[in-house]
There are 4 protein chains.
Amino acid sequence: MAITLGPNRYGKAEIRMVHVDRTTPSHVLTDLNVSVALSGDLDAAHTVGDNSAVLPTDTQKNTVYAFAAEHGVGAIEDFGLRLARHFVTTPSITRAVVTIEAYPWRRLGPHSFQRDGGESRTARITVADGGEHVISGVTGLVLMNTTDSEFVGFIKDRYTTLAETTDRILATSVTAAWRHAPAGPAGDPAEATATPTAPDADWNTSYSTARQALSDAFTGTYSRALQETLFAMGQAVLGTGKGLAEVRLSLPNRHHFLVDTAPFGLSNEGTVFHADDRPYGLIEATVRDDELPEAPQAWTS
Amino acid sequence: MAITLGPNRYGKAEIRMVHVDRTTPSHVLTDLNVSVALSGDLDAAHTVGDNSAVLPTDTQKNTVYAFAAEHGVGAIEDFGLRLARHFVTTPSITRAVVTIEAYPWRRLGPHSFQRDGGESRTARITVADGGEHVISGVTGLVLMNTTDSEFVGFIKDRYTTLAETTDRILATSVTAAWRHAPAGPAGDPAEATATPTAPDADWNTSYSTARQALSDAFTGTYSRALQETLFAMGQAVLGTGKGLAEVRLSLPNRHHFLVDTAPFGLSNEGTVFHADDRPYGLIEATVRDDELPEAPQAWTS
Amino acid sequence: MAITLGPNRYGKAEIRMVHVDRTTPSHVLTDLNVSVALSGDLDAAHTVGDNSAVLPTDTQKNTVYAFAAEHGVGAIEDFGLRLARHFVTTPSITRAVVTIEAYPWRRLGPHSFQRDGGESRTARITVADGGEHVISGVTGLVLMNTTDSEFVGFIKDRYTTLAETTDRILATSVTAAWRHAPAGPAGDPAEATATPTAPDADWNTSYSTARQALSDAFTGTYSRALQETLFAMGQAVLGTGKGLAEVRLSLPNRHHFLVDTAPFGLSNEGTVFHADDRPYGLIEATVRDDELPEAPQAWTS
Amino acid sequence: MAITLGPNRYGKAEIRMVHVDRTTPSHVLTDLNVSVALSGDLDAAHTVGDNSAVLPTDTQKNTVYAFAAEHGVGAIEDFGLRLARHFVTTPSITRAVVTIEAYPWRRLGPHSFQRDGGESRTARITVADGGEHVISGVTGLVLMNTTDSEFVGFIKDRYTTLAETTDRILATSVTAAWRHAPAGPAGDPAEATATPTAPDADWNTSYSTARQALSDAFTGTYSRALQETLFAMGQAVLGTGKGLAEVRLSLPNRHHFLVDTAPFGLSNEGTVFHADDRPYGLIEATVRDDELPEAPQAWTS
């Protein structure tokens, strides 16, 4: 037996920062949850408690605040890139992953806001070995179709009790994340260099477009399986023409069971449902443009 | 020592019902969390395990579903009244409290919806001894002002370290509940009979108006204390002229601490904040129209 | 209409304090969540934003830490009394309620501990108008009997579908709180003075005894209704002979449904259950010694 | 652009099953949360809504219950293996991952139990292409040392404000998962065949030993960094001599900040701490026996 240290990382998680841009009469509010994970030459910290290569997580937290104070925030992808590029300037740190969740607020006045409790916007930025990867996404986008969903033709075995149905509620909470293709020499993603760089994307427009595509595809797809809806949503995101190479979707199937009202002498034609908590289905898939190179290192922490 | 049974109640909690009204081309979606609490002649169940006076909580659940199937839902106050009036027809049950939380959904299409994750609408209906009480409310309404809030002039003692401030973030998550005055003989709340009945209110309009009043008062009040904002919000709700007798508010003070960026050689003029989880302030008060009778029994379970 | 301010209170909630007593070789660890709610002459803060009577919630937090540093913690009832008595020395404050939740840790070594994730111990101390009330309790004590529970003989109506059963799982998460009778002139609770003072109780012993009584009563009661079990638990707590006047119990009925395995050609004699999340039954009652005076003001915030 | 379906999986998540073994006078209680994820020839479900290769998640749930009814549960690793081996007998399914979380209960009597709220035991079983992988673990094991922890010698940069300390609280919530080496022809893990099979391990003993090793290593290590403690814990698990190839640890650093009581004229020598919620450090690493082959496919869903 030869016990050795394998892959490792560390960082500060869930730095809850609110930034108020007061440079215009209408304040601009940004509400973020930022996490940092760093890797590098950290064996000595593990094996002999030598911290000389450790940038403390407390300092990482301070850096997040300081960068917001010095540079502002802007799009979360830009903020994450700025931070990740900084962290790898520490000699012992060779890889930085910055993940950000942005909570939406609705404007009520020049300096008044209401938390918009729906979906959050997410970003995951990786800077390592001179390469940069940007993943944008959304989580907590809860959608429901009250019809136009069926589930038939599935395998039946000894343990099957589920009846086929041609009309059911389809409800899910969307978590989706899409990877931006690296920009090539001539801005052509297919010509990406060996050391990809993040594209000079208009992140906010890209996000709005992709998020809308998800919602439209869910709403507009007649669903014969949640898998079919998922694939339609993935296609829609990639089809927004924004240089997206890949989208990963995780869709819980939030079951709504039609209540049996026959014992009460009442009919129930798709009207009264029990919304169940657990168990739930969980459908996960990647949809990708296979003319673009893969980048598994963009997804792993 | 004489050990006796005191006040008691029982019921089914958190019945998660989704109702789809398909009678129009555009489906109408209602998403509820319903809880029932019943009281009455239930001593024998406690003292000798005799259930002959017990309407099972399973039956209560069935009743909620059956009523939705038979009568539809409508305003949650009406749905709760219909249920509570039914439960007290059981001879052993003399008091029924139905509490409902309604989750909002935004329409995306004729049968497509997006969960609007913000505030929930609430109702609490009590039917007992021929009397009826209706309380409507809102919870989870998260509001923030990025300025126009100060906190000065407070008591200083040995344990004071807080500095006075004339500019801070004020943020809270509003839970508010307002009691509808019982309708009197001539519809005049002040002439309420000894056995009050619930008003024939337009619950949906009343809710929208009160909820907007809360938001407007928070936004429009220059705040010298969260207490001052609370009182303004309470006044605004009662001032909507909808026959409201009393409003109870619970406002956590969600602290946002200005980050000290001086060690980094950076200024921070109300720009970068740490959003803290705990501890938090908690400000609670009742605002009432003292020309109308009180009804403490409307609030206790 | 005459809009006025009604009952109100404010304070710091969820102060998470860990105290390490290092005065012995084996450290003693106390892990608390403390909340404070103060009432008094606070109208001006609400109506005109005048904070001259306000002891800031930040100061309340500091006081909790400072008292722990100066006096140690000891039993949470004693700690709460010390704090509440202090807060009412502020001239504008006439009522202080301190609630404490203590998280248990198991000792692993002289300065090593494992969080014992089970139940928490609670206390609620009220000091007002010279009177003192102490309520002790437990929450999160999850208990299950896999047999010796039945449910028969209940009301059947149009909405009944539940079958009677003579063997079911009974599971609950106990929240219980018991009020200590005020000590009288001769230490006789029945001789309590008009201005009760908290008893010179051995809080830790009292807690252990009451908590064990709850568990034993749940385990030892053949249950014909959760109400019957609740009453037995209440009797057991009051019967511990520790000067307890009243106990309030809140018992969710955590349903475990026998899975129908007949479609698979398998029997299931009380063996395989689905543990459901929602809805759940909720059984609540007070059990009291009616030879002792009531004290509703001990329970309201 | 050529949009294609990439890796995908689906299944039923969080099947909450309670199993009561009544074959002995003392009932044996097993309380599980089981999730299933299946992969295979599922393109048609995604691309054309053809479910002929889909084993419904509802059937997966039924199978979990039916297997418990027919075979009992036993060690969760065995239960997971039995299920996963079954699922891949479906022709379209080539990969099954079963994850299980077991909640501990403490015995109070022959058929009475108290939920032991501490750590949960976990298992993750993968059966694919004739190979089998078993990962066992623990989550929610919360540990604290009140001394014997320091943090000095770290990098200082422009954003550093953290002071070095030679005495601090070290607290974490352990999530650890260890991979069992596949059994070789002669039971020698190093001689594993290309198609590994799960070892005929005594899972319960293995779990107890590893879990105790984690706790002992945390308690017994003088910590100069949480990384050092993590590595010691990983070494301890692998050193239990139970054929373990690899352990992955995720340790949040739950910060306890010494309260500054100097403003109150009080000293605070490692006694009064504020337990903070967020942000927290997060330390993650793999510790492995590099004489045994790696098996990344055992960890990916």
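Every residue, even glycine, has its Cβ placed from backbone N, Cα and C.
All annotation found in TrEMBL is predicted automatically rather than curated by experts.
Cross-referencing C:ARG82, C:ARG168, C:ARG211 with the urate binding residues that TrEMBL gives (C:THR57, C:ASP58, C:PHE151, C:GLN227, C:ASN253) picks out C:ARG168. Checking the ranges C:112-134, C:181-203 against TrEMBL, the region 'Disordered' annotation falls on C:181-203. In sequence order, the recorded positions near chain B (CB to CB under 8 A) are C:ASP58, C:GLN227, C:ASN253, out of C:ASP58, C:ARG168, C:GLN227, C:ASN253, C:HIS255. Long-range Cβ neighbours of C:PHE151 (5-hydroxyisourate binding site) (same chain, at least 6 residues apart, Cβ-Cβ under 8 Å): C:GLU164, C:THR165, C:ARG168, C:ARG224, C:ALA225. Using a 10 Å Cβ-Cβ cutoff, C:HIS255 (active site, charge relay system) registers 21 neighbours. For C:LYS12 (active site, charge relay system), other Cβ atoms within 10 Å of its Cβ number 26.
Within 10 Å of the C-beta of C:GLN227 (5-hydroxyisourate binding site) we count 27 further C-beta atoms, all protein chains included.
Taking the C-alpha positions, the distance from C:THR57 (O2 binding site) to C:GLN227 (5-hydroxyisourate binding site) comes to 40 Å.
DSSP assigns C:HIS255 (active site, charge relay system) to coil, not to a helix or a strand. C:HIS255 (active site, charge relay system) has C:GLN227 as its nearest neighbour among the recorded positions C:LYS12, C:ASP58, C:GLN227, going by CA to CA distance. When the C-alpha distances from C:ASN253 (O2 binding site) to the recorded positions C:LYS12, C:ASP58, C:GLN227 are tabulated, the minimum falls on C:GLN227. Scoring each of the binding-site residues (C:THR57, C:ASN253) by how many neighbouring Cβ atoms lie within 10 Å, the top position goes to C:THR57. Long-range C-beta contacts of C:ASP58 (urate binding site), restricted to its own chain and to partners at least six residues apart, with a cutoff below 8 Å, comprise C:LYS12.
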